[in-house]
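According to TrEMBL, the features are:
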TRANSMEM  B:6-29  transmembrane segment
TRANSMEM  B:41-58  transmembrane segment
TRANSMEM  B:99-119  transmembrane segment
TRANSMEM  B:146-163  transmembrane segment
TRANSMEM  B:230-252  transmembrane segment
TRANSMEM  B:259-280  transmembrane segment
TRANSMEM  B:340-362  transmembrane segment
TRANSMEM  B:414-435  transmembrane segment
TRANSMEM  B:458-478  transmembrane segment
TRANSMEM  B:508-527  transmembrane segment
TRANSMEM  B:547-568  transmembrane segment
TRANSMEM  B:580-600  transmembrane segment
Amino acid sequence: MTGWVIGRRQVLAGAGAALAAPVLGRAQGAPIRIGEINSYTAQPAFLQPYRYGWTMAVEQVNAAGGVNGRSLETLHRDDAGKPEDAVRLAGELVNAEKVALLSGGFLSNVGLAIADYANQNRMLYVASEPLTDALVWSRGNRYTFRLRASTYMQSAMLVEEAAKLPAKRWATVAPNYEYGQSAVRWFKELLTRARPDVTFVAEQFPALGRIDAGATVQALAATNPEAIFNVTFGADLTNFVRQGLTRGLFERRRVVSLLTGEPEYLDPLQDEAPENWIVTGYPWDQVNTPEHAAFREAYRRRWNDTPRLGSVVGHDTVMAIAAMLKQTSAVETEAMVDAMAGLKFGSVFGPVEFRAIDHQSTMGAFVGRTVLKNGRGTMADWRYADGRDYLPPDDVVRALRPQS
Amino acid sequence: MENLVLQALSGLASASSLFLVAAGLTVIFGVSRIVNFAHGSFYMLGAYLAWTLVTTLPRGHLGFWGGVVAAALATGLIGLVVEVLLLRRIYRAPELFQLLATFGVVLIVQDLALLTWGAQDLLGPRAPGLRGGTEILGLRFPDYELFLIVVGPVVLGLLLLLFHRTRWGTLVRAATLDREMVGALGVNQRMLFTSVFFLGSVLAGLGGALQLPRESVNLHMDLSIITEAFVVVVVGGLGSLGGAALAALLIGELHAFGILVLPKITLVLVFLVMALVLVVRPHGLLGKAPGPAHGGAGSAEPVIGPAPRPLLWLGAAALATAVLLPLLAGDYALSVLTEFAIFVLFAASLHLIMGPGGMASFGHAAYFGLGAYGAALAAKWLAAPMLLGLAAAPFAAGLFGLLFGWFCVRLSGVYSAMLTLAFAQIAWSVAFQWVEVTGGDNGILGVWPDSWAAPKLVYYYLTLALCLGATLLLRRVIHAPFGFALRAQRDSALRAEAIGIDAFRTRWLAFALAAVMAGIAGGLFAYAKGSVFPTFLGIPRSVDALLMVLLGGVQTLSGPIIGALAYTGLQEQLVRLTDLWRLILGGIIVALVLFFPQGLAGAARARWEASRGDA
């Protein structure tokens, strides 16, 4: 029974769209529809601010008259963290809702599944969050672009700082899935290249979201490293930090840590945020460039909240799409893909380019160290690391990415 | 040496926390036989309530410890409400049906917690007086962990006292052994069940609240604890408190030392332990073989007869719709219908072992996923064309079905179900970690149909033909002598053996056949999605299958079909309509459970039989 009901709805919707589309398409002012898929119920801590940033950007674009007289409209879908559901929803957005392009993605495997769908069905996919290098390199395809600085880029930013430390004995701790494994692999490879004298004495791979922090901390301490590379985040990070602090793991040891400077992960730690870790992140309260100050103020006015990194990513994804739509000759996949390759747009962090060579944007991240100020963690001595400086040379990229 | 001692202490602290949660679960199961999926939700609620209370109450010992105890009691009250309003009404439903109800509660609590406490992780204050560490053998160890190490045994002692030194405890133990007899002796079972559920929920809430100084409170706590708690309960032996303590100790210590040797073993360790224990000791470490509580002589399930005429007409009409409607449907509708067909077969395959076979499976997604991986690996490494890939799917699934089934069908009840889960998780972790072959959690991409089958309509008809054929074959199997033998050994293994039916072989072959059918569904799913991921054989997918069968009704043949359509259809529609789809889906599941305790198809049959007066 249920199947029949849905079928009928779809028939009507499909027929309606088929009848209406050619007319609406030509009409001035008909909205351009963006299909956005994300793991809203599975990862709400990161994706709520993301959605706020996204919504605000769409409102800004539309208030400024839209793109070529047409407003933007977004259809959000929740994949619940399952790549197979994301593929179904992509099909729904493309076939039933007739969206012009796809966007979104937080988990790497969801991003890859949508990217593969986009490639197969010749749809543009502007990935916002997923960090996996495979998305633009080993699994890269013509139709997929990615905004955020990848695992490789962020690892490379930290290696630059790590290489300056006197530490020679390193230990690593990372969640046991692709992101954690890749980050550790790149960190080891790049640091060994920069400092052939370092050795890695221990590695821990707790299950994502289920770290046994006490045992993990003790296992790291037992090998007595001089410095630690941390990739855990979210709840795992909190538990790791708490156990590490009471057991003295971080005393007389330097810690280099991916993403920990992002307010998403630093704020929940409150006054227990670890001090003097070298991190990538986003010091939202201290970046006072005109673009960012305006963004921060607009965000505060719209949501009565402070921005997280997710807010910036959501906002800039929309801005990138709008910039691309302004440059494209037609709202049609191939033209849009051509416009995306090499697209330059002004992000909240400054000018960013979607590289034609691998479709990775040059959006960077802030690198600095953590400090406690007024009972909460923030970043100090930070600098903006422009993404374009932390990507491998072009010939290496060509070897990593299928060329066809 | 010092390091090893501290590692052992860390293991003890984790074991203690694990035991608190598992103790509540095992007490509830022992008496009410409820597989309480919502136990993890109570644990999470305990932590959230403790956070709210501790941060609002004045700082200090009273504020903190008072808040923790109050949170545990409040969680107990929530459990009480759930028991009185929901579970009490369905104790007479078929086995495992309560699992469906508690799953509805899980979904509702997830959304309510998000709405109440927000998305961001919350950090509670540390325990007053236990903030720092103590030097042990020259190394520092947190005071709070020492406190936890003490709490576990203390709670165990108190519970043992409660169960062995009070009249109430004696009644609970009696009910654990033989519910009917306790009822016959005039004990108010309702009160007993409700009070036990209250106690179990208090323990879950206490377990969650005591995590406050250790961990951040977040929305993933429920599902991350529930499987491990179940593993502890089953490894220890269902209903055995001492067993749960022993199992928690075993798992805590193995984990603490395991990561020293193999850091990547974290994903699979608990399931390896469970598989080994259950293979060697089919009733857990300290469990006893269950008495004839369920399915004793004379309590055979309803006989499955030929379908009545109206049902045949209905089936024919549904078939005609499935064949003709897609001609008018759009591409998206086609892909949804394709999924429907796949899930109907998936649910029907599970139904074969759950209904006629009488064995529950918590890990049926393993065979679905193995089928999908079989097809995808053939496509990736052998460049096999689609039809060959589709043929590889049931082959791979069937092979593992024979292997895993050989161990699983020796066990019974929840033990057997948990062993299937253990094997499924082992298969999952291989798919997850063997990156070179399976691509790890990034999966295998580019598994698209050959060009002749690429149009959605063609692929739909291919799927429909295969799934319908396989589902009808399953139906035929149930009506064949093999199906009679299967039902005979379910209703009375002893009598079945006496008339010459090899019960073990029958169950084993049924298990393998179900795996083959799930494999077909998995292979078709892989090509429909274009990619394969470890989520295909993860716990959520196994739970989906279980829910479909239970929702439709275990005791009817059309149950899994209707259940699959209802569950997938509901989910598909709700996700598109609202962000609060979990809340609404959970609510609907709870309502369906209350109104149709025999499942949708079971209710339809009951009504049909009542109207004909031949019930």
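Each residue, glycine too, has its Cβ placed from N, Cα and C.
What you are looking at is a predicted structure, and each value in this text was computed from that prediction instead of being measured.
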Cβ pairs under 8 Å between the transmembrane segment (B:508-527) and the transmembrane segment (B:340-362), at least three: yes
Paired segments the transmembrane segment (B:340-362) and the transmembrane segment (B:230-252) in contact, 3+ CB pairs under 8 A: no
Intrachain residues whose Cβ lies under 8 Å of the transmembrane segment (B:414-435), provided they are six or more past its termini: 29, 35, 227, 230-231, 234, 238, 264, 267-268, 271-272, 274-275, 278-279, 282-284, 287, 359-366, 369-370, 373, 400, 404, 407-408, 441, 534, 537-539, 542
Paired segments the transmembrane segment (B:146-163) and the transmembrane segment (B:99-119) in contact, 3+ CB pairs under 8 A: no
Contacting positions for the transmembrane segment (B:99-119) when only residues 6+ beyond its ends and CB under 8 Å are counted: 34-41, 44-45, 48, 51-52, 82, 86-87, 90, 217, 219, 222-223, 543, 546-547, 550-551, 580, 582-583, 585-590, 593
